[in-house]
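Annotated transmembrane segment per TrEMBL: 12-31, 43-64, 143-160, 180-200, 212-234, 250-269, 276-296, 302-321, in sequence order.
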Amino acid sequence: MTAQPHNPGLKYLSLVVLIAQTTALVLILRYSRTQKNEGPRYISSTAVVSAEVVKIVTCVLVLLHNNKWRWSQFYGEVHRDCLVDVKETFKIAVPAFLYVVQNNLLFFALSKLDAATYQVSYQLKLLTTAVFSVTMLSKKLNPLKWVALLLLTAGVALVQMPSGDSAKKTVDDAGSSDKFIGLLAVLAACFSSGFAGVYFEKILKTTNVTLWMRNLQLAFFSIFGGFFMCWLYDSEAISTNGFFQGYNNIIWVVVGLQAYGGLVIALVVKYADNILKGFAVSLSIIISSFISWVFLGDFEPSLAFVVGATIVILSTFLYGFEPKKPTIPHHA
């Protein structure tokens, strides 16, 4: 087992980065889907493709840097890791397409749900990832983790409970159907995320290809999946008003957060243990809920939400808790 870096500065910097990235992506994406602007709204499937293009350019630059900016060395690495065993490379197409589906569902869900409800509900990806890890990687979960997953499910169910104000009920009928559709999108994203994450982990464990090369492969296949989604759902709108219709500075921030979010998290997670990651998720939920309530005005916390969110936060900590193994004293 590799030792974790003992630099507390890096540890807490990674915590801040995780909180900032998680919170900013959800809030700014939600704002981008609800902001009022003249002309056509931006098409989310094009934003997913734009993020993958940014990713592929970034990965190429990092790999070039690692090869001392020598194109011949860079090409040699690409040839060795991508073209020698094409069958192995094409395995990446499966998680790549699932991540494209997941990212499109993220945009769709945040068009229907407020940031707070979305973030709490999206923690169900812990459950789907755990189930796929047990079935596909034969991982064993201790009883504490199963209790945490049961609590997580109960907490998310509580968050979805409608408030008991009958006077508002008729006014909120359209909103509640939107919320239900948004929840279905989140559940689909959780399954997509869980399966893709475990499948990708399985590939990483069976080959010696670097993480940056794997990210390059993911982005490469994701671009094809992204263009397929554009053609399938938005070809008419794109041909009418163009690929970059409705884009402004906010949309480019969303594209940047989408592109670099996964890369940043992959780099900082090695400095943060499971408890810190749970703390980051928890703080992110609290900050998102507060900003969504006070500044965006699209969310009002009910008692069921507060109790459910608290249970989700506690279950996240519980799932990340690793009991210390008793040390056996050595006798001379």
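Placement of Cβ uses the backbone N, Cα and C atoms for every residue, glycine included.
Curation plays no part in TrEMBL annotations; they are all automatic predictions.
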Best-contacting stretch, by C-beta pairs under 8 Å, relative to the transmembrane segment (12-31) and drawn from 43-64, 180-200, 276-296: 276-296
Range from 143-160, 180-200, 212-234 with the greatest count of C-beta pairs under 8 A to the transmembrane segment (302-321): 143-160
Intrachain neighbours beyond the transmembrane segment (212-234), with Cβ under 8 angstroms and 6 or more residues off its ends: 43, 45-46, 48-49, 52-53, 55-56, 59-60, 62-63, 66, 77-78, 81-82, 89, 92-93, 95-97, 99-101, 104, 200, 203-204, 243, 262-263, 266
